[in-house]
Amino acid sequence: MDRSLGWQGNSVPEDRTEAGIKRFLEDTTDDGELSKFVKDFSGNASCHPPEAKTWASRPQVPEPRPQAPDLYDDDLEFRPPSRPQSSDNQQYFCAPAPLSPSARPRSPWGKLDPYDSSEDDKEYVGFATLPNQVHRKSVKKGFDFTLMVAGESGLGKSTLVNSLFLTDLYRDRKLLGAEERIMQTVEITKHAVDIEEKGVRLRLTIVDTPGFGDAVNNTECWKPVAEYIDQQFEQYFRDESGLNRKNIQDNRVHCCLYFISPFGHGLRPLDVEFMKALHQRVNIVPILAKADTLTPPEVDHKKRKIREEIEHFGIKIYQFPDCDSDEDEDFKLQDQALKESIPFAVIGSNTVVEARGRRVRGRLYPWGIVEVENPGHCDFVKLRTMLVRTHMQDLKDVTRETHYENYRAQCIQSMTRLVVKERNRNKLTRESGTDFPIPAVPPGTDPETEKLIREKDEELRRMQEMLHKIQKQMKENY
């Protein structure tokens, strides 16, 4: 067989039956000749591919050729060549197509993994996962929150704090007797506890003010509280201005729950003085204590009276931020309900009682049970929602951006005034010619030493005069 002539001459099989073609294919090994043969005889009905014995019984419908994967659509020169095999068991193989974005594994937050991008989503950069990164870092670091409770004794401050955070912060507290309370002054005590819930750690610090408002003369009893808040601002300012700023502990007071007695007709003078003295330093949230001693109409009346007096005396309590336009209606309604509940009428209890076949935290009276977490009985749930679930971060932001910045600006202004005053004093000293103070001649020196000292004094005076003349000429020239 002359292979140099291709399919010319004797290269074409004379027997074109199926058996003859099969024998010819078995004897021929050149792929180019096989391809040319298949092309020349593709229209012949008697030419069948040697895949199966029953091919002749099938309808003559061309079988679709497997498509190449989309992986090579953008770069056609790298498409692998497809060549028919010269054997009876001829098969075609293709690489599986890459997974689509919908079929690829997803990250735990429902986003596509930016490190597993393929050709079909090459426009996906991955910065959409930045909130997830911030979330992981914040959860790993934990959160700090400092809460101050203020008010006279017997209003349920400790009980309410324990009810809010489901912990006992005052297990080591010792109650003072009546005689000890007579000479008691306002103290500042701190209770710190680490709380973890679903992997989120919170370091809670409770600042209590025992002795506040318990004396007969309560003049300026709020000063220790104001000084404590300023001290925390000062300490944070020093740490922030120092060299080591990596591990700054934030002890600034983020919120102050001020308890108002339910037995008055509104705000007392002490309440007004306290809130006016601290409203520029801390976020004040007024609390109407022991709401179970009042009827629902009395609660509404006292709330309205307290709000009017707060506005009348110009007291700036914590203002809830406005809702964004993209917030859902449920959140807007919840926020509006929180704003209308100021001051929060609360009840605290660490006792679990049985009510209607279920165990709840509340207080048992002869006429019924007051449930702490029942919105129809008090505002405890609303206070907890505001303080922990919805506005804790905003309380910290207002403390940092408003109250601390005001204190920091005052410190910088005071430091600037001191520097300017010192510069002015030095300038006057230079102009008066006393830059180099001349020491007095010590008594008991010999005449030669006195003469030498006086000569040096005269030389210093001449040098000062020359220096002043040079400065005067420079001012005139410029």
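One is the number of the first residue shown, and numbering goes on along the chain from there.
Placed from the backbone N, Cα and C atoms, the Cβ positions cover glycine too.
Noted from Swiss-Prot: of Ser11, Ser82, Ser118, the annotation phosphoserine belongs to Ser118. For the ranges 415-446, 447-478, the feature annotated in Swiss-Prot as coiled coil maps to 447-478.
Between Ser46, Ser117, Ser138, Swiss-Prot assigns phosphoserine to Ser117; no such entry appears for the others, which is not proof they lack it. Ser325 is the residue among Ser87, Ser158, Ser325 that Swiss-Prot describes as phosphoserine. When pLDDT values are averaged over the region 'G3 motif' (208-211), the model yields 84. Look at the region 'G3 motif' (208-211): DSSP puts its residues at 0 helix, 1 strand, 3 coil.
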